[in-house]
Amino acid sequence: MQRDNVSTVSEFVLIGLSDAPQVRFLLFVLFLTIYLATMAGNITILIAVSTDTRLHNPMYFFLSNLSLLDILCPTITVPKMLGALLLENKVISFKGCLFQLFFLIDVVGTEIFLLAVMAYDRYVAVCHPLKYLNIMSMKLCAHLAIGTWVVGFFNSLLHTSLIFTLFFCDSNQVDQYYCDIPPVLGLSCSSTWSRELVILAVAGVLGSVAFVFTLISYLYILLAILSMNSSESRHKAFSTCSSHLSVVCLFYGTTICTYVRPSSTYSPQQDRIISMLYGILTPLLNPIIYSLRNKEVRCALRRVISQM
């Protein structure tokens, strides 16, 4: 009799990338370059925000949290992927797969909630500028930031416990370059429909709440911008919000396509591309988007780079 909390599989094999030697080397160079650029960009943002007193305000406090998440997200998956490409070491232990999935869902969930908090911050800044510093006190900002990390942690704990208490007995080949929910669920010998339903419901509710909250915040922001008399004020308000809105659209779109759907619709090729968008390209683009659209960040980055 099978028990849901016992597994005969002790390791998984990640088979998401090409086996051709020439292609593997080119992919290794490409992803290593992207990873190093991502680290450099986000670390520079963190240094700029922490060292420049002009950036010691709520907007950049949340931006530094976003940069930290953008450092963690590719670090969870890319080093293992690079090892598989260079050394052909595609094996990951059962516990290694568990921890990789846990930390990835933790970071992705935290970023979803953080983007909603950042949308609220922009709403207060544009719609209630005179009360901004009183409403967005550093105490409230700290509570909001901690809250996003805590919710992300428990959301990931629920998802991971539901998946890795299943029974794995036959195939151990994960059709992805990292351990993710849909391909790992597809390997289970147990019935997964009830757990899929819980995962889909939790991801759908939490993701929808964060998305709707963000959407409502930006509707109020748009109305406030359109009601401004000065074109200079409208341009300044739009400039401070457009970078965050670009990040929101890119990140929400890719994560919703990946997680808020049944695993029966899983397509390895399609999901591999989507996961690279939010797991590898988005962390690279975020510092670029914020530095291009924000004059204060550009100036702070120039000072940091000149000092370095």
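In case you wondered, yes, glycine gets a Cβ from its N, Cα and C as well.
Database features, via TrEMBL:
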type: TRANSMEM; residues: 25-48; note: transmembrane segment
type: DOMAIN; residues: 41-290; note: domain 'G-protein coupled receptors family 1 profile'
type: TRANSMEM; residues: 60-78; note: transmembrane segment
type: TRANSMEM; residues: 98-120; note: transmembrane segment
type: TRANSMEM; residues: 140-168; note: transmembrane segment
type: TRANSMEM; residues: 197-225; note: transmembrane segment
type: TRANSMEM; residues: 237-261; note: transmembrane segment
type: TRANSMEM; residues: 273-292; note: transmembrane segment
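Same-chain residues lying 6+ beyond the ends of the transmembrane segment (197-225) with a Cβ under 8 Å from its Cβ atoms: 109, 112-113, 115-116, 119-120, 122-123, 126-127, 151, 155, 158-159, 162-163, 181, 234, 237-238, 241, 245, 248, 252, 255-256, 259-262. Listed by sequence, the residues of this chain that lie at least six past the ends of the transmembrane segment (25-48) yet keep a Cβ under 8 A from its Cβ atoms are 17-18, 55, 63-64, 67-68, 70-71, 74, 78-79, 81-82, 85-86, 280-281, 283-284, 286-288, 290-291, 297, 300-301, 303-305.
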